[in-house]
Amino acid sequence: MKRSHDSITRSINSDNDSETNMNSDNNNNNKPNQRKKINLNKKPSIFFIFDDLTDYETENKETTTIPPICHGIHCDHDPNSCIVPIIPDKFNNMTRLNLDNLIELGELFHCKLQKNFRNIPLERLAILRESLLKLNKTIGMNSIKESICEQLIYFLMDLEPNPQEMLHTVIQGPPGVGKSYVIDILAEIYLKMGYLSNGKINKVKLDELKGKYIGHSAPLTQKAIDNSIGGVLVLDEVYAIGNSDHLDSFSKEVIDTINRNLTEKAGKFVCIIAGYGEQIDKCFFAHNEGLRSRFRFRFSIDSYTPEELFEIFKLKVENDKWKLSESEINLITDFFRFNRDKFPYFGRDIETLLFHTKVAHSNRIVYNDNSGLNKTINLLDIKQGFAKFSLNNKETSNNDFNLMYL
């Protein structure tokens, strides 16, 4: 449909009028026999004339509808499809599902023809697939994988009217076992399930919440909680609060503020406490027994076995695009089996060991003409890296280590 407009006249550089007047005065003062000069600085006036403006014919304009995102990795989105993924018979005879089963079921989702299996919505599993794969690929952690799987099944079946209020969690385990990594995955899962409005993780050490004077701790704690709305608040190093026999005024402010917000802001954020199980009980829950009941889930990460330590070392080597000497794999495995107790911080210690091993390797091959052996770690590299690792950890005697197995 057309709409008519009055002709629009627009003048650009209206200051040309004043320039014209000035130039005219100057020309009058010129001598009669002098050639008239042309003012090259004068800008021309430009006029735009629009007779009418025409709108697009909206009645004939095609509208584009964006289809919803489908998370099915084998889905063709066809309501008449003949290639719907087949659910294996094994699932009909199962009485208990594990993490592998949930991942497999998520891969069988079809947005038109296969949306549910029994009481489980397959689309939600399809959405969670990448996060579940990430969790499943972690080395060890069998106990926590089983616990998270049970939690997921409960929430997937929508049996809880207010699931956001039930997600406060305790993750216990020694340093270096991967608590932070598990927290990241949990936050990712809760976000994809719609329980969080953002994936933000706010990690706070409890001693950072204790103020410099009485009345200062509560605002610090409240600020940390407010910054976690829509995401996850992680409270680490709970032993900083103090033991059950002694609770100062600063620590009491922190605990009371946390407890109050778990009620007043229920469902608006998830609180996760990380640390040793004994420390969490004695230094946190012992001060306020009401707190314990607010944390419905308690996940434990066990210490790593020697074989798992080797797998962690091997994985870190591969992630850095290095290699282990294939001819010495068994000897390297034995090294971790006989020195497992020398890595009390597990993953952290393995990372440090790998760094010193790389340094030892570079010094060993510095004059080596065979570039094909570069970045291939052998037992000697690990032995020398381990010696440096132990020295940095203030170990005084190599006799404490089982180097006889090197």
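Cβ atoms are placed via backbone N, Cα and C, with glycine included.
As annotated by Swiss-Prot, region 'Disordered' applies to 1-37.
What Swiss-Prot lists as compositional bias 'Low complexity' is 13-32.
In the three-state DSSP reading, SER180 (ATP binding site) counts as helix. Sequence annotations record features per position, and here Swiss-Prot assigns ATP binding site to GLY173, PRO174, PRO175, GLY176, VAL177, GLY178, LYS179, SER180 based on sequence analysis.
Cβ packing within 10 Å was compared across the binding-site residues GLY173, PRO175, GLY176, and the lowest neighbour count falls to PRO175. Listed in chain order, the residues near the ATP site other than GLY173, PRO174, PRO175, GLY176, VAL177, GLY178, LYS179, SER180 are ILE301, PHE346, GLY347, each with its Cβ within 8 Å of the site Cβ centroid. By a simple count of nearby Cβ atoms, those within 10 Å, the most crowded of the binding-site residues PRO174, GLY178 is GLY178.
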